[in-house]
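Taken from TrEMBL as is:
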type: BINDING; residues: K41; note: ATP binding site
type: DOMAIN; residues: 12-279; note: domain 'Protein kinase'
type: DOMAIN; residues: 325-396; note: domain 'LCCL'
type: DOMAIN; residues: 429-513; note: domain 'LCCL'
Amino acid sequence: MVEAGRVLSGRYRLVEPLGAGGFGQVWRGVDHRLEREVAVKVLLGSPAGGHQAARLFEREATLAARLSHPGITVVHDVGVDPACRFVVMELLAGRDLAAVLADSPAGVAVTDAADWGAQAADALAAAHRAGVVHRDIKPANLMLLDEGRIKVCDFGIARAVGAAGGAAARGYASPAYAAPEQISDTAVDGRADLYSLGCTLYHLLTGHPPFTGDTHVAVLAGHLSRTPDLPSALRGEIPPALDDLLMALLAKDPAQRPGDPTALAARLRHLSAPPRPTFRQEPRAAASGAAGPARCAVFLGALDWSTTAATFRGRDHEVFTAVYPPGGTRHAGRVWGDGVYTDDSSVGLAAVHAGLLSLTEGGAVTFEIRPGQRAYGAASRNGVKSTRWGRWSGSFVFPEEAERGLLGRPKPQPVFVGPMDWSSTATAFRGRDHESFTFLLPPGGPRHVGHVWGDGVYTDDSSVGLAAVHAGLLSLTEGGAVTFEIRPGQRAYGAASRNGVKSSRWGRWSGSFVLR
């Protein structure tokens, strides 16, 4: 039993209780040796008893002490007093996000939730690099400091990567935020923390966790088998890009979730920026077939370099032209993808990445809206570094890439290769980057004559003809001419079923092509 005024190990005086967390009670304390205020977490019960709880308590101190990051609570000391075991930590001035939610039961501001999530993801990136998985991310374990910073607290059930499992490893995660693999007793890694962070963000944005029920069993069943409602269906101001990100974080299969907390932090930080003005939605043109005339681009006027294409999601294959001012900065936005870009990428910076604009001169660029992909590649080009990403529900491409070279110089005319069969690939042209070639495909092609990997950007061992059918440029029945441009390889290729052709996802591949 501990009480106010008790001095632990002759050094730490307990002043007042602050609350309970994990396996212990947290006190405001004073370190008499260093003359500073501290937080002291004491393990409830006798220091000689509760072996399992004591082991977990000590592990929290050991693992947390390994971590050094401004977003993780600092551990100063650990000790045993005749009255209790204890851990001494920095004293935080603020309140946890569970308390914030109690004051905002309908949810917090979208920009605040995204900003806090980005900070938490930064801290988790540091923990994961150190080989530590937190395993219990939830609002109560994220402290919002008075100056607006987030601290990740309570590593009470954290585990080192590769540590043995058992009941202690799986049994203490909070049900409302537990990853499916924690519930089903399968291998757990850092992606479980990102799932729990997704649940936390969902709660912050909508006012409740993604799965609720009258019993813990009902809640856990939701994590294992139910699809949560789209956050925007519960709160209309949540943007589609944030919908996508949360649903990706809440994927049942860890392999389908974002796996890199640093990339996640960048994406959330991008979403935490104040909303940009939206464009007036033009009437949609009727969908045209592959053989129909190309639609005229809608002129958007002058835009700033941070503008994305997310406003136009769903207007697939419509094209828009924007003008960018001279003197852009590469820090104005983010770019995800290579050749095909996520629709929340900066269109202007993506155009620089693609070699269609320069930041110094600015200029006009035309982009085409496309459906989402399961994977987006990454590359550093023209001073802009794009980032790899997984599933994302909207994308865009630059038709101008087929017509313009670097900074507007005309590309060479395509080389006419002649009649080819439907199984022909582009591998013979690998290394001839940005050169274009034309195949003539005969009528009556079978869809089983070859394979297609990718979506918008295809691996160079894909059937060029079937890729053209997939893209809506040819029909198997009629055949015809198709022009393609050779590109360098990518780290990832997406997948989609279109026009009777199913393309497959693939990872790193050393050569690719796009269709003109």
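The backbone N, Cα and C atoms fix where each Cβ goes, and this holds for glycine too.
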Just how many other Cβ atoms lie inside 10 Å of the Cβ on the residue listed as 'ATP binding site'?
29
So how many of the residues in the domain 'LCCL' (429-513) end up helix, strand or coil by DSSP?
8 helix, 35 strand, 42 coil
Counting each residue once, how many in the domain 'LCCL' (325-396) are helix, strand and coil under DSSP?
7 helix, 32 strand, 33 coil
Averaged over the whole of the domain 'LCCL' (325-396), what is the pLDDT?
88
